[in-house]
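Some notes on the structure that comes next.
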Amino acid sequence: MDYSTNYTFLLLEGHVELEKYRYFYFVIALAVYILIICFNTVVIFIIYSDKLLHEPMYIFIAALLFNSLFGAAVLYPKLLSDLLSAKQVTSYHACMLQAFCIYTYGISEFTLLSAMAYDRYVSICKPLQYATLVKMSTVKKLLFFCWFAPSFEIGLLVILTSRLQLCKYKLDRIYCNNYAIVKLSCGDITVNNSYGLFVLCVAVFPPLIFIIYSYVRILNVCLKNSKEFRRKALQTCFPHLFIFISFTVTTCFEVINSRLEGNVPHIINMIMSVENVIIPPLINPIIYGLKLQEIFKRIKKYFLWKRGNV
């Protein structure tokens with residue numbers, strides 16, 4: 001028997017005790033979103049406005065923070081609206097668009113972190129070739145690839161999902177993701193699962209292997225040089241490595257969470273599902289703003305100048 005139905009609207013039923021904590025959730029979400037916008041925008045503005053920071057390393061940082069703003073913009077406006085709404089409803093097409101954007105944000109984060117690892121690797125391990133290997137034209141090509149490749153991969157994933165006939169309309173989530181939509185189908189989802197696994201492997205493992213390789217080489221070079229060289233090298237590499245590890249951990253949590261929902265308490269499910277759009281966008285600008293002296297000095301100088309002109 002064919003149970004398939006064409007649903008044009010989906011219900012987001014992942015909120016925990018919404019009627020009781022509606023306004024508390026709203027205030028927290030709004031505060032986090034404002035902080036994300038402010039922190040990321042400040043660092044991007046500092047990099048954009050200071051020509052001395054128009055170097056590959058800082059351009060990659062600005063791109064990473066812009067990606068954080070993109071990921072936050074995909075989630076928070078809709079989430080804030082839902083928290084104040086009587087029913088948490090979204091159209092099927094809007095849900096697919098949100099899933100596409102959130103997945104693109106996640107994979108772009110990995111590709112951008114890989115590009116940044118390449119920049120640090122060449123800078124520290126092959127300093128004499130840096131100007132040749134990391135030209136501005138190379139930076140532009142890498143940035144294009146970092147956003148185009150994820151968009152293409154996720155675009156195909158969303159097209160495969162859009163071909164499914166849904167027989168359910170309730171998402172046990174607070175936002176739309178592709179795997180949750182796929183599970184609403186009562187048809188054969190083997191192709192979707194296989195391609196989704198392929199995208200996951202391509203998105204995570206090559207960047208992971210390359211970053212591990214690059215940092216092993218960087219560590220090897222650092223051990224052969226002076227203490228001052230090691231200090232400067234690690235000062236620029238630590239923020240990148242910390243952010244990569246934190247994003248990888250939160251991504252693993254989300255992947256495991258989406259597969260083991262029945263065995264994990266619902267409140268834990270919801271916390272794990274939004275970690276990637278809360279923690280990285282919040283800590284990325286803080287880590288780079290505080291740990292990279294060139295950015296921190298300019299942020300401090302800018303705000304001291306503003307304060308002196310008030």
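Each residue, glycine too, has its Cβ placed from N, Cα and C.
Caution: TrEMBL annotation is automatic and unverified by curators.
Note that this is a predicted model, so its numbers are computed, not measured.
According to TrEMBL, the protein carries these features:
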TRANSMEM  23-48  transmembrane segment
DOMAIN    39-288  domain 'G-protein coupled receptors family 1 profile'
TRANSMEM  57-76  transmembrane segment
TRANSMEM  96-121  transmembrane segment
TRANSMEM  142-161  transmembrane segment
TRANSMEM  195-216  transmembrane segment
TRANSMEM  237-256  transmembrane segment
TRANSMEM  268-290  transmembrane segment
Recorded stretch, among 96-121, 237-256, 268-290, maximising Cβ pairs under 8 Å relative to the transmembrane segment (142-161): 96-121
Long-range Cβ neighbours of the transmembrane segment (96-121) (under 8 Å; 6 or more residues past either end): 56-57, 60-61, 63-64, 67, 70-71, 74-75, 78, 90, 134, 142-143, 145-147, 149-151, 153-155, 157-158, 161-162, 175-178, 181, 199, 203-204, 206-207, 210-211, 214-215, 217-218, 236-237, 240, 243-244, 247, 251, 276-277, 280
Reported mean pLDDT - the domain 'G-protein coupled receptors family 1 profile' (39-288): 86
